[in-house]
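In TrEMBL this protein carries:
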DOMAIN    180-412  domain 'Major facilitator superfamily (MFS) profile'
TRANSMEM  32-55  transmembrane segment
TRANSMEM  75-100  transmembrane segment
TRANSMEM  112-134  transmembrane segment
TRANSMEM  146-164  transmembrane segment
TRANSMEM  176-198  transmembrane segment
TRANSMEM  233-252  transmembrane segment
TRANSMEM  264-285  transmembrane segment
TRANSMEM  297-315  transmembrane segment
TRANSMEM  321-348  transmembrane segment
TRANSMEM  360-382  transmembrane segment
TRANSMEM  388-406  transmembrane segment
Amino acid sequence: MTPRRRFWHVAGAGTAFQAGSAAVDSATVMSALVFQLTGSTVAVGAVSTILRLGWLLPQLFVGYFAGRGTSSMPFYIAGAFGRTAAIAILAIVLWIGAAAGWTHATLGGLTLGLWVLYAFLSGIVGVPYNDIVARSVPSERRSRMLSIRFFGGGIVALVVAALADNLLQTLDFPTSYGAVLGIAAFLMLLSSLIFTAMGEPEQKSPSNAASSFTAYLREGAVTFQNDPVFRRFVFAQWCGGAVLIAAPFFVVAADHLGLGLENVALLLGAQTLGALAGNPLWGWWGDSLGKLSLMRAIAIARTAPPIALLVLLLMPFPPELVAPILLVVFFVLGALANGLTIAVIGLLMEISPDDRRPAYSGYFNALTAPAFVLPLVGGFAVAALGTWIVFATALAAAIGQAMFLVKIDVRE
């Protein structure tokens, strides 16, 4: 397959997945679903924590096994089709449970259980995806490819948001969410089929794999100690993970401010529009000015949403202005989320040696995983102190991330 065709296969698969993942977005759809089923802010905080830990922790092990093998595609197939099945099962459970009259508590427990399965199966995908994409798309075209993925996915996600809004307004709860998750499962299946149809390019250099898992872990510790760029990037990502302590509570705060959870699809639409608007800028910035420059800009911009929520929560504000401001906040969140993904994936690929890319991905994601427990901690903090505390923490973490990124020099 030609490099041009590989480029468009990767972008097309990403487009379908991006649209599908919007329908199971942890900060809007899933947080609203879990909050309505359980009424617990701790459970809402667990949604984001489960997703991030499930995404990150398996990558340490997948990085080792993928590095020892000759092909990354089998790992991608297991994770991609597995997570699709998990979301499809959850959609069926919500539909059947609603028809059978299961209690919200039962459905809430099943939802969180299947969400755990989805998250950890997704985590299998990360290492092989980064490795295959890095071998399929040249560095100078990766940011542009990711921006096309997010732009195309955003266009389809707008259609998904419109369908979701109609379903949430017309179908009974939680059948409506089952229908939305069914759409997500279909799009994820399409994404998996497009990516696997591309095949896998041959490795240009032999993999430099550790002789055992113990040696692999030891090499990870040495890498963290001896590679200053990698180490500072990990520190920056710890702060970046802490910013997400507020992620699942934007919809909770919106509900407290008077914008009911039945309007979650409206917030998802604003978030999707923001993602669309930012993509051309992020793609140009990453390829022209560098991934590190983009990462720094995103970190600084991430201070804006928590500042806005702190103002809304702690200061008197005309009620008629609350909804427009929240829509702007979700617009910005969408734009920054895509920019952050483009920057993190691009920078990690750039600093990883070609013969150790699976290992570097595994080390990086395992080392940064602890920070993503914070949304669960945030659930307890919100229950005790109110929603303002997670936004104040997110603001401080965004400032910390920017400070660490300023100290990184990729030439070291």
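Each Cβ is built from the backbone N, Cα and C atoms, and glycine gets one as well.
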Close approaches to the transmembrane segment (112-134) from elsewhere in its chain (Cβ under 8 angstroms; 6 or more beyond its ends): 10, 24, 30, 34, 43, 46-47, 50-59, 62-63, 66, 72-73, 75-76, 78-80, 82-83, 86-87, 89-90, 93, 142, 145, 200-201, 345, 348-349, 352, 354, 357-358, 361-362, 365
Cβ contacts under 8 Å made by the transmembrane segment (75-100) with residues that lie 6+ beyond its boundaries: 24, 62, 65-66, 106-107, 110-111, 114-115, 117-118, 121-125, 127-129, 132, 172-175, 177-179, 181-182, 184-185, 188-189, 191-192, 195-196
Stretch-averaged pLDDT - the domain 'Major facilitator superfamily (MFS) profile' (180-412): 84
